[in-house]
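Asker: Before we start, here is the structure in question, set down as structure tokens.
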Amino acid sequence: MSLKEKTQSLFANAFGYPATHTIQAPGRVNLIGEHTDYNDGFVLPCAIDYQTVISCAPRDDRKVRVMAADYENQLDEFSLDAPIVAHENYQWANYVRGVVKHLQLRNNSFGGVDMVISGNVPQGAGLSSSASLEVAVGTVLQQLYHLPLDGAQIALNGQEAENQFVGCNCGIMDQLISALGKKDHALLIDCRSLGTKAVSMPKGVAVVIINSNFKRTLVGSEYNTRREQCETGARFFQQPALRDVTIEEFNAVAHELDPIVAKRVRHILTENARTVEAASALEQGDLKRMSELMAESHASMRDDFEITVPQIDTLVEIVKAVIGDKGGVRMTGGGFGGCIVALIPEELVPAVQQAVAEQYEAKTGIKETFYVCKPSQGAGQC
């Protein structure tokens, strides 16, 4: 049963009438450009064919009812006429409440809604299950009430909800790619202007995501520390963000910076340059150059930004040994566990899967999860 069928059927059973719309918003994987988003830099993600799906209908009152199919059909109810505050017990409900609350601040011309939510974006893996939920909820209200909001505004609203209501300091990339993804393309995103450029993916190349299953937590983890170190670096150069610092400027005065901050800054500056170059390499189908750029990105995350863990480095090495320069591989996401992403010629996918199955668990004691994905369309009706 598809997520659409599942949520529609649950909706009819729970609420006693049929849903009028079903909306999806995808998860994402970032091909290159890690921790650059909150430094006003560039990222190169693609939406993937794992998504959050919501079957929904407008109500004729001011009540919101939300059922979470993936959490034992837990039900949250709240009113649009009372202050929206955090739910005492359900963390998932806070993503919904946060999106609705921030949408009210943007455009308060919507009424109540019934929703049933289900998703297959792996949680806690760095594939943006939370952003896909935020964008899906925003798109539901936009579609049901014909709100004059575009994808970028729905994405910004989701980011605000996560930063201010949920309390996780995320950048804008995750929500933006979920809202604006394009089938068979990656999206080069300028995180300052929010300008996007669709970059066609080479034919015959699979986007493979391998979850290390090494558990990580982003809220309250090292993520916020890295963000502070980057802000310290930008202040040193008297710039609003590291986006505005050149590698030449950095090299001239790197010795004056705190050594740890210097390493963090160097990662951001070199990663931005790699990301812009990767977009043109991908468009030209130059997998050899893409392979080099992804390898440099991983080394920079490991040595300068220090966000990889031994399990992730092991996964990258196993994949690299199989694909050589025929494809690229690197850690993706916030770090400290999570996933690696690889661009792999389709004919090499079985060999990679076999090598990982034979070696990863033997070396780490953890069993990986392997996903072969397609670059997919952003949020909309399904």
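Note that Cβ sites are derived from N, Cα and C of the backbone, with glycine treated the same way.
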Asker: Considering the substrate binding residues Glu34, His35, Thr36, Asp37 given in Swiss-Prot, which of Tyr95, Tyr145, Tyr223 is annotated for that site as well?
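Answerer: Record source Swiss-Prot; matching candidate: Tyr223.
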Asker: Ranking the recorded positions Glu34, Asp174 by other Cβ atoms within 10 Å, which is at the bottom?
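Answerer: Counting other Cβ atoms within 10 Å of each of the recorded positions Glu34, Asp174, the minimum falls on Glu34.
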Asker: Tell me the Cα distance separating Ala125 (ATP binding site) from Thr36 (substrate binding site), rounded to the nearest angstrom.
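Answerer: With distance taken Cα to Cα, Ala125 (ATP binding site) is 19 Å from Thr36 (substrate binding site).
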Asker: For Ala125 (ATP binding site) and Glu34 (substrate binding site), determine the Cα separation and express it in whole Å.
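Answerer: Rounded to the nearest whole number, the Cα-Cα distance is 15 Å.
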Asker: Counting other Cβ atoms within 10 Å of each residue's Cβ, which of the binding-site residues Ala125, Leu127 comes out lowest?
Answerer: Ala125
Asker: Could you measure between Leu127 (ATP binding site) and Glu162 (Mg(2+) binding site) for me? Cα positions, answer in whole angstrom.
Answerer: 15
Asker: Compile a sequence-ordered list of residues in the same chain as Ser130 (ATP binding site), six or more apart from it, whose Cβ lies below 8 A from its Cβ; state 'none' when nothing qualifies.
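Answerer: Correct list: Tyr95, Glu162, Val166, Cys168, Cys170, Asp174.
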